[in-house]
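**Student:** Right, I'll just put the structure down here and ask away after.
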Amino acid sequence: NLYQFGEMISKKTGTFGLFSYVYYGCYCGLGGKGKPLDATDRCCFVHDCCYGRVNGCNPKLSIYSYSFQNGDIVCGDEEDCLRDVCECDRVAAICFGENMNTYNKKYVLYSFKECNESDQC
């Protein structure tokens, strides 16, 4: 769920998790359209696409099991849908951590009107 995703982000970036990314660029937060503005926004685009492929549960509300082991996020071995959601969140959190150098404060609260020409998943 979103709380768990926020914990993963915090662990991988040292930031305040979702609060640092919830209104970033064209894809971080609810919905999304346009071309990702940078590598950080692309992490959100890929995450949105991943959620779009999940079947059988609501990715934003589903509670899954995971742990942190030696700095790595490890998803539990539960039913397919929950494991898929966890993997989407895990990959995105790692992506944010790997692309912190592209995070640009000018893309926080970015105007959705500027987001055009959508990419395809």
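Residue numbering: from 1, along the chain as shown.
Cβ atoms here come from the backbone N, Cα and C positions, even for glycine.
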**Student:** Of the residues ASP38, ASP48, only one is listed by Swiss-Prot in the Ca(2+) site with TYR27, GLY29, GLY31. Which is it?
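**Tutor:** For the Ca(2+) site that includes TYR27, GLY29, GLY31, Swiss-Prot also lists ASP48.
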**Student:** Say which of CYS75, CYS81, CYS95 is recorded by Swiss-Prot as the disulfide partner for CYS86.
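**Tutor:** That would be CYS75, the partner Swiss-Prot lists for CYS86.
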**Student:** Identify which of CYS26, CYS28, CYS50, CYS57 is listed by Swiss-Prot as the disulfide partner of CYS44.
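**Tutor:** That record, Swiss-Prot, gives the partner as CYS28.
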**Student:** Let me make sure I read this right: Swiss-Prot says CYS57 forms a disulphide bond with another cysteine. Which one, out of CYS26, CYS81, CYS88?
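**Tutor:** Swiss-Prot annotates a disulfide bond between CYS57 and CYS81.
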**Student:** Measuring Cα to Cα, how many Å separate CYS88 (disulfide bond) from TYR27 (Ca(2+) binding site)?
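**Tutor:** So the alpha carbons of CYS88 (disulfide bond) and TYR27 (Ca(2+) binding site) sit roughly 15 Å from each other.
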**Student:** Using the CB centroid of TYR27, GLY29, GLY31, ASP48 as the Ca(2+) site centre, which other residues of the same chain sit with their CB within 8 A?
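**Tutor:** So the additional residues around the site are CYS26, CYS28, LEU30, GLY32, LYS33, CYS44, PHE45.
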**Student:** How big is the gap, in Å, between the Cα of CYS44 (disulfide bond) and that of TYR27 (Ca(2+) binding site), rounded to a whole number?
**Tutor:** 5
**Student:** Would you count the other CB atoms within 10 A of the CB of CYS28 (disulfide bond), including those on all shown protein chains?
**Tutor:** 26
**Student:** Can you tell which of CYS49, CYS75, CYS88, CYS95 has the most other C-beta atoms within 10 Å, given these are the disulfide-bonded residues?
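**Tutor:** The largest 10 Å Cβ neighbour count belongs to CYS88.
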